[in-house]
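**Student:** Quick one: structure below, then a few questions.
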Amino acid sequence: MGGNRPIKFRILEILLDGKEYWNYEIVSKIQEEYGMNSAYGRDSINFDIIELASGGMLKDVEQKIDEEGIYKKEFLLHKYVITDFGRSRGSDACLRNL
Amino acid sequence: MDLRTLKKQESKRKISKGYMWALFCAVFWGIWYLPGTVVWVLNPFDQMQATIAKTGGDGTALVITAVLITAFNALTVMVALMIWNGVLGKYGELVRTLKEFHPCSKWFFLASIFGGPMAILGSFIAMGFIGGAFAAVAGLLYPVVGSILAYYWYGEKISKRAAIGIGVIIIGGVTIFGGGLLSDLSSGNVQWIGYLGGLMAAAGWGIEGAIAGKGLDISEPDAGLTLRFLGENIIWWIIIVPLLALFGYPMYSFALQVFEPMTLLVLIFAGITFGFCYVCWYKSFPLIGVGRGQGIGNLYGLCSIIFIFLFFGNAPQWTILVGGTLCVIGSFVMFTEDASALETLRGE
């Protein structure tokens, strides 16, 4: 069903299962679903995740250095989990008219 | 490099970028008062005002003209934002967001009612009646409205520090409005509609912010802002302008006369500065927090006074200077509060 809802809706939807995800896992999933395979597309999805985290909907639970270049070599990778607020906003937005 | 230095480096980069966006916002917003003030003396708007004043009186003429100016402002902002979204390749996201009316885009349309016919129209009225510096500084009162609304609507707590900030801003507001009012009273000519416009700007932006936030939580700001201005264009061009034309005001005949190079240039200038001030504003929030973003953004009051002085040579009344300074101090007191939690702005 991907590709036809706003990107932030989809990100919340992925995280609604309550599991922890690394940012590169979410980014590559969205890139594939929305056909945003450029470096620009990647950064713009990652910024969406940062915005959701700063809005209090995701929580940054763990960081590690990207030594192998999975995402961006020598940059930080972040692991996120959905918050209660994110869960209520997310289910409000995503579980309706699916 | 170890994890700690890398973390520090990343957060430093994030913060300096955030401050840069917020500062750009203040500069763009401050510049907007230049075309906003100049446009009043350009054709067809000055003729329109004179024509309507003959039959309907000065006050009506000014408000009706302000409606047409605000409508054109919304149109040029929309053009600027569509170009911006095109460059970023976000038309797809724009359509996806628009389709989510119930959870998302309805908030932007609701926000546009308060942002457009209230805040921006009020600003133009204040610019037309009293002047750019007054309009700019009166708008600085919006955080008071925003936080009181957030308190009653989603039960956001107002801390002691925020309350002090609100108090300082209110004293500033009283100075701005009271000072002008006193000198008006002594000359026996009170520009009530202009002061009302200033209050509309403050209340409108406060309400708009609280409402738009509900939609912006879950959408991309570039798309969200464009929808907010789509809403405003619908309000002006499909509802209010035709309605006023129906009442017999010469809306269309003057609207068609804006294709003069100078007028168009000024209107486009207004659209670019206003459109990008909004974009910069929202870009800064995730990087430095809504609080600091708005605090720095509020330096627009200072910027506008400096620009108006540089370009028009108008030194504002001392009450506007003192009141504006108090408002900026107050918003810093209010907004610098959550210094510890940079990555998360809300409680969990």
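Each Cβ is built from the backbone N, Cα and C atoms, and glycine gets one as well.
Below are the features listed in TrEMBL for this protein:
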TRANSMEM  B:21-42  transmembrane segment
TRANSMEM  B:62-87  transmembrane segment
TRANSMEM  B:107-127  transmembrane segment
TRANSMEM  B:133-154  transmembrane segment
TRANSMEM  B:161-180  transmembrane segment
TRANSMEM  B:192-213  transmembrane segment
DOMAIN    B:193-335  domain 'EamA'
TRANSMEM  B:234-252  transmembrane segment
TRANSMEM  B:264-283  transmembrane segment
TRANSMEM  B:295-312  transmembrane segment
TRANSMEM  B:318-336  transmembrane segment
**Student:** If you count every Cβ pair below 8 Å, which range out of B:62-87, B:133-154, B:161-180, B:192-213, B:264-283 shares the most with the transmembrane segment (B:295-312)?
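**Tutor:** Between the stretches B:62-87, B:133-154, B:161-180, B:192-213, B:264-283, B:133-154 has the largest tally.
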**Student:** Is the number of Cβ-Cβ pairs under 8 Å between the transmembrane segment (B:192-213) and the transmembrane segment (B:21-42) three or more, considering only pairs separated by 6 or more positions?
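**Tutor:** Per Cβ check, the transmembrane segment (B:192-213) does not touch the transmembrane segment (B:21-42).
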**Student:** Can you tell me which of B:21-42, B:62-87, B:107-127, B:133-154, B:161-180 gets the most C-beta pairs within less than 8 Å of the transmembrane segment (B:234-252)?
**Tutor:** B:62-87
**Student:** Cβ pairs under 8 Å only, please: of the recorded stretches B:62-87, B:107-127, B:133-154, B:161-180, B:264-283, which one is richest in them relative to the transmembrane segment (B:21-42)?
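**Tutor:** Out of the listed stretches, B:264-283 contacts the transmembrane segment (B:21-42) most.
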**Student:** Apart from its near flanks, which chain residues at least 6 from the ends of the transmembrane segment (B:161-180) lie with a Cβ under 8 angstroms of it?
**Tutor:** 130, 134, 137-138, 140-141, 143-144, 147-148, 195, 198, 202, 317-320, 322-327, 329-335, 337
**Student:** Give me the DSSP three-state residue breakdown of the domain 'EamA' (B:193-335), ordered helix, strand, coil.
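**Tutor:** DSSP classes over the domain 'EamA' (B:193-335) add up to 125 helix, 0 strand, 18 coil.
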**Student:** Which whole-number mean pLDDT does the model give the domain 'EamA' (B:193-335)?
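**Tutor:** That stretch averages a pLDDT of 86.
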